[in-house]
């Protein structure tokens, strides 16, 4: 039974497969290989530059399986392999069900982007199509026939593009076939159709592809008003451009020429693989052709040779040879001598156009010569050959060359315009008949630069220029011609011709001179040179200073002042230089100070404001403009330490014959806490050394000096100490009592009394001196114990581990030993050891309150490499040491991954720990994103190129994908980051993003924060804000915010909202709005990360997989174009602190 579908039920879904003119693109399925694991699909492009990416003026070939309509059980991912520049192969099928479905290959660029579609049916299906591809004209009736292969006594369901279409009773089968008749089909009826037994597996369906041309039979064009050229050998007229899409094995404007056996492609340039030729291969071409066997083969597996008298694709053509011609199943009739034509029906007496190219290309406004050769009997002469333009204009030949076997007419074409693009025709007419050949003429516009060339680097006598810029007109660019000459000069331009892929170095220029530079681009062919582009001014640099100074000497003029002097070698001529640059490097702090001496005649300088007690490395360089000359050999200078100001209002008061009390006031403007006071005691007028006494209680403002001699005048002064001794106070005098000196008045005493007093005085002095010695000895022992305790504390750090146990970390050569107090057994963690001598500190990268990061060159395993060295400052607290040691533990346990900042090694020196990690040359991701906001940094560039960022959509998506891979690794290691944000993601080599800052990471599944501290509120999940609970799902929430930061080019999350508002609105369902430049799919991923219930948020493995698929899709998921009213997301630096 045949079911006729009413017009109002025609399907509206179809697969778009072609835009623009036909592209030389072929998709081959090797049906000889029945084993799924050996089966493969190959897509071949005959286009120039196909498959080589944007560098070849077009995107790469894409071959994939389309699961939107025919869905099969998921399996391992298929493998895509590229063979050369124009071929891609899809492999990796594991079971027969993997083969069933729709496959597509996409090639071409711009308006010529083309999709070729192949539908694969299971050989063991219940129903099989009599013919898979059906190409019909608009308004025709299409009949789809499904042959019963394995009978089931159930109804048959027809579907269109995966949706229900119609049901047939199983009794309605005719001759073992179920038919679907579609009358008056229209282009929207195109698509994938299937016939399936009710309740049977979809894999047992018969799949069809219906292609409906946009015009009626023999017509093409927007209004279907143009007549098709009459395609031969089964070719199909394209309804958009009127070209013939030739079946595999034929070529030519009208598919009139047969390829050699085993050849295919628009120019017969491709060869079927293997010794079997095209046997067992299905060829799929751009619509409206569809798919078929190769020429000379037929059958569902394309392995049956044509029956006698048949030839061509699917053996659909009949030879019907006349005049003794024989039928060849690949090319058709092979005519005997004296006859030609499709059926050998034409005598050789009829004239024939010879060897006419099917396509010619010329440049705009050129006057080319076109040759047309013909043969026949009678012989063609000059007047019998003419040339017709697309507008019907007839051109007569200006010259004819007569040879024994042919006549070649030469036509001089008037100056070409764009309207001359199209199909031209060469026609020959003699008394024996006439012949014509159509060929396509493409008129190309020479390229013209839209912008001036870019200056890459400059020196005093050369400029390095990037000449290839955006241009209008047609490519490809064959040569670049660059003109340059001094500014405001009337001399001739100097010219350099280079390859378009190379930068240009302009040599032997004058220093500090402006040069006008412009570019001319050329494409292949006569007249391919475009107009000159806009000029730009490029200025050479000043001449480099070549003299190397040397340091003559230096002397310290104070604790923070240094006088430096230097000299230069004597050379003839004027001095090339504008001044001197003095550099002081503080290796302890990792800081460099630069002092500019602006006079080239200066040979001395006073450096002030230096840090007392600091060891500096000093050198001097001559500079000219912005160029530095060679540095002098370095010198090493140690400044003396400085102490606090002198104590104030020192006063002395005698208490007895052996004691004097000193009182004072603390110094003002102290740079830090006083560690002690030092008192100097000296007998007035005495010649011996003074005695220094330490006052170890710095909070006191008085002390008693004991053990003095009676009736003796003493001099006193004192100073404070803060990491160094300070200035002395004023000197005061005071005498001890005795020998008639009393506190309240003179007392008269006898001689005997005086002798007794002398004996008492001697005993008092001896006792006082003995007590003083014992006190000093006890103090020394105390200092030794304190020093040992400090050294031990410097080498041992205690921190709270993830398990809640207090952990002691002790560092030895190459191991980090963790002793958990509840346990008796230590747990050593090994780390790579770096020797202190193998670390060369360079520039300061960053600095915090208690730590700093310095770029350094390290030597590891015999190789030198850049590294970032993390260290704590001297006054860091025990908590800082705990977190720092905890970060080393995390790095040791994490191991290596390309998307995290990895540990290179650790080193201990003088009891301090130094951690070496990978160096990220591009800094943190947040700053990198904000620097890309080119509309703010270079508005002219942004508007000229129509872009809001120097980063592409693909690169932004790559940042997110790398971060997701890194977080997947952390989550698999059961680590919680707790502070995931763009500021804590670093950009390394090749712009790969790496998760960093593991100071807050925890190696456990759930962590509950119990201490106070600043919180990254804008990145925190709801459960973390409300209950201080952190899990991997909390990191997933933060990743959603990170993804928003990437899309917004470093915007501040929830900009304009306070933290209090976030606490209130987030539990109520409020989320950040979708950025205007963000695709729906990316924003949906953000929303999934911000779900209220943590268990509903996707795992990092799923996030990484989704972002990876987005990267493979090559779709602009983040729009960086300058659309109307474009604005960047807001930035609030104060809000980011919370």
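From the backbone N, Cα and C atoms, a Cβ is placed for every residue, glycine too.
The topological domain 'Extracellular' annotation in Swiss-Prot covers 22-759.
Of all the Cβ atoms in the protein chains shown, 11 others lie within 10 Å of the Cβ of residue 83 (N-linked glycosylation site). According to Swiss-Prot, the N-linked glycosylation site annotation covers 83 (among others).
DSSP assigns residue 161 (N-linked glycosylation site) to coil in the three-state reduction, placing it in neither a helix nor a strand. Take the CB of residue 161 (N-linked glycosylation site) and look out to 10 A: across all protein chains shown you find 17 other CB atoms. Among the features that Swiss-Prot reports, N-linked glycosylation site is placed at 161 (among others).
The domain 'EGF-like 1' annotation in Swiss-Prot covers 214-256. Sequence-distant contacts of the domain 'EGF-like 1' (214-256) (same chain, six or more residues past either end, CB-CB distance under 8 Å): 18, 20-22, 26, 135, 137-140, 187, 263-268, 278, 283, 285-289, 292, 294-296, 312-313, 316-317, 330-332, 342, 358, 423, 437-440.
According to its DSSP assignment, residue 228 (disulfide bond) is coil. The C-beta environment of residue 228 (disulfide bond), restricted to residues of the same chain at least 6 apart in sequence and closer than 8 Å, consists of 218, 219, 220, 237, 242, 244. Taken from Swiss-Prot, the feature disulfide bond applies to 228-237 (among others).
What Swiss-Prot records for 231-244 (among others) is disulfide bond, and it gives sequence analysis as the kind of evidence.
Annotation note: residue 246 (disulfide bond) sits in a coil segment as assigned by DSSP. The disulfide bond annotation in Swiss-Prot covers 246-255 (among others) and is backed by sequence analysis.
For 258-303, the entry in Swiss-Prot reads domain 'EGF-like 2'.
The feature disulfide bond is assigned by Swiss-Prot to 315-327 (among others). Proximity of residue 315 (disulfide bond) to non-local residues of its own chain (separation of 6 or more, Cβ distance below 8 Å) is seen for 293, 296, 297, 298, 306, 307, 329, given in sequence order.
Taken from Swiss-Prot, the feature disulfide bond applies to 321-333 (among others), supported by sequence analysis. Under DSSP, residue 321 (disulfide bond) is assigned to coil, being neither helix nor strand in the three-state scheme. The Cβ of residue 321 (disulfide bond) lies under 8 Å from the Cβ of 327, 333, 334, 335, 343, 344, each of these being in the same chain and 6 or more residues away along the sequence.
The Cβ of residue 344 (disulfide bond) has 22 neighbouring Cβ atoms from other residues within 10 Å, across all protein chains displayed. What Swiss-Prot lists as disulfide bond is 335-344 (among others).
Taking a C-beta cut-off of under 8 Å and a sequence gap of six or more, residue 503 (N-linked glycosylation site) has these contacts in its own chain: 456, 464, 465, 466, 467. Per Swiss-Prot, N-linked glycosylation site is recorded for 503 (among others).
Under 8 Å, Cβ to Cβ, and six or more positions away along its own chain, residue 596 (N-linked glycosylation site) finds 579, 580, 581, 582. Sequence annotations record features per position, and here Swiss-Prot assigns N-linked glycosylation site to 596 (among others) based on sequence analysis.
According to Swiss-Prot, the domain 'Fibronectin type-III 3' annotation covers 646-739, on the basis of sequence analysis. Taken residue by residue, the domain 'Fibronectin type-III 3' (646-739) breaks down under DSSP into 0 helix, 45 strand, 49 coil.
What Swiss-Prot records for 709 (among others) is N-linked glycosylation site.
Per Swiss-Prot, transmembrane segment is recorded for 760-784.
Per DSSP, the domain 'EGF-like 1' (214-256) is made up of 0 helix, 10 strand, 33 coil.
If you measure from the Cα atom of residue 255 (disulfide bond) to that of residue 231 (disulfide bond), you get 6 Å. Compared over the disulfide-bonded residues 231, 246, 255, 333, 335, the count of CB atoms lying within 10 A of a residue's CB peaks at 246.
Secondary structure of the domain 'EGF-like 2' (258-303), assigned with DSSP and counted as helix (H, G, I), strand (E, B) and coil, comes to 0 helix, 17 strand, 29 coil. The Cα atom of residue 231 (disulfide bond) lies nearest to that of 246, taking the recorded positions 83, 246, 709, 979 as the candidates. In the shown protein chains, 24 other C-beta atoms lie within 10 A of the C-beta of residue 237 (disulfide bond).
A simple way to gauge crowding: the CB of residue 979 (active site, proton acceptor) has 20 other CB atoms within 10 angstroms, across all the protein chains here. The CA atom of residue 979 (active site, proton acceptor) is located 61 Å away from the CA atom of residue 246 (disulfide bond). Residue 246 (disulfide bond) sits 27 Å from residue 161 (N-linked glycosylation site), taking the CA atoms of both as reference points.
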